[in-house]
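If you check TrEMBL, you get these features:
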- 6-27: transmembrane segment (TRANSMEM)
- 39-58: transmembrane segment (TRANSMEM)
- 70-89: transmembrane segment (TRANSMEM)
- 101-122: transmembrane segment (TRANSMEM)
- 142-161: transmembrane segment (TRANSMEM)
- 182-204: transmembrane segment (TRANSMEM)
- 210-231: transmembrane segment (TRANSMEM)
- 255-359: domain 'HTH araC/xylS-type' (DOMAIN)
Amino acid sequence: MSFSRVLLILFFYTGVLQSVFFAVYLFISKRGNQKANKLLGFLLLALVMRLGKSAYIVSTGHYPDVLVNIGLSGYLLIGALMMFYFRALAQPTFSLRNTDFLQLVPWVVAVCCSSIILYPPNYSGAFKQSIVPFFLWYYRGLHAYLLVYLIINFLWLRRFYQSYKAQKNSSTLDKAKWTWMRSLWAMLALVWLAYTTSHFFSFLKYQNALIIYTSLVFCIGLLALTQPQVFTQTFDKPKYKTSPLTDHTTQAHIASVKALMEEGKVFKDAALTLPKLAEMLDMPAYLLSQVINEHLAKNFADFVNQYRIDEAKKLLIAPAFDHYKIAGIAFESGFNNLSSFNTAFKKNVQQTPSQYRKQYKVTS
């Protein structure tokens, strides 16, 4: 074995070990957003499954069916784990729902079937030719599956960026989160592109794709060192530790407040306040604040303004309100001045009220 080949193999395995050590650190660390850190740890291990399989094949020349298939199954984890991680990092109160775990079912099935999915290079003759088409479609299906998640996560990141830019007083931590998530997505997209290019086009050899993959794994580690606050930032503990709310009462309160807003349209009252709404619901103001803050993930002003904006969008395109000026629409929707209406509308819709009305008239 040549010296250059030994160095290359060491390079591959160093990338594997770096990811494993980083994942272990994230699992045992008690600092920062522990839920997000653990999800990132699992994401790194999914990458290790893919990279480790390739490193073993290149270093030994052996292609065990089970090892190959378990390594490839990492594609079925990377996209979902990336989605969970981004949401947990952006919203510390995020928690996985039972339905979220359904997204891991394809990976479980692939692992269970790893011994019966045959890897063509291990066979010869007519039998090899008979299994090649099936394996090719399986391999391409894995790439297509990851591509779908890359697109979903890209669209989510775009919405996160728009929300981040709309905040007048965004923190340095928000900026660090955006930089880190954007870079992580780009590196994982490059991993997908490298292997896809290696498979469909001959100008990028498999070994070169593996070099790109390993280099990107190193880049993830280096980038993490430049954004330490993303992993170590201590988030405030819940403000409502002694709250009497239970899951059952919380859901009942959420249903009540939404019914009052949607059916009673109390948001049209420009003088609506938290205590006033709490009185209508016959509940303490601090409990209503908790329900809105923790379980609807908004502050009171944003919560009410969302209903007002939805109402304004309906009125702006309603023929009966064609003669209303923008200020009239604002007052009808519950805003007490035109300036706050324009600001809130632009923040939520990414258009001014006039642009929104004009666009609808053009399309209709």
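Cβ atoms here come from the backbone N, Cα and C positions, even for glycine.
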Response to the item:
Spatial neighbours of the transmembrane segment (101-122) not adjacent in sequence (6+ beyond its ends, CB under 8 Å) are 63-66, 68-70, 72-73, 76-77, 80, 128, 131-132, 135, 138, 145
Practice prompt. For the domain 'HTH araC/xylS-type' (255-359), jot down how many residues DSSP puts in helix, in strand and in coil.
Written response: 78 helix, 0 strand, 27 coil
Worksheet, complete the sentence: With the greatest number of Cβ pairs under 8 Å to the transmembrane segment (39-58), the stretch among 70-89, 142-161, 210-231 is 70-89
Worksheet item: What average pLDDT is reported by the model for the domain 'HTH araC/xylS-type' (255-359)?
Response: 90
Discussion item. Cβ under 8 Å, sequence separation of at least 6 from the ends of the transmembrane segment (210-231): give me the contacting residues as numbers and ranges.
Written reply: 8, 11-12, 14-16, 18-19, 22, 26, 29, 31-33, 37, 40, 44, 47, 50-51, 54-55, 58, 89, 172-173, 176-177, 179-180, 183-184, 187-188, 190-191, 194-195
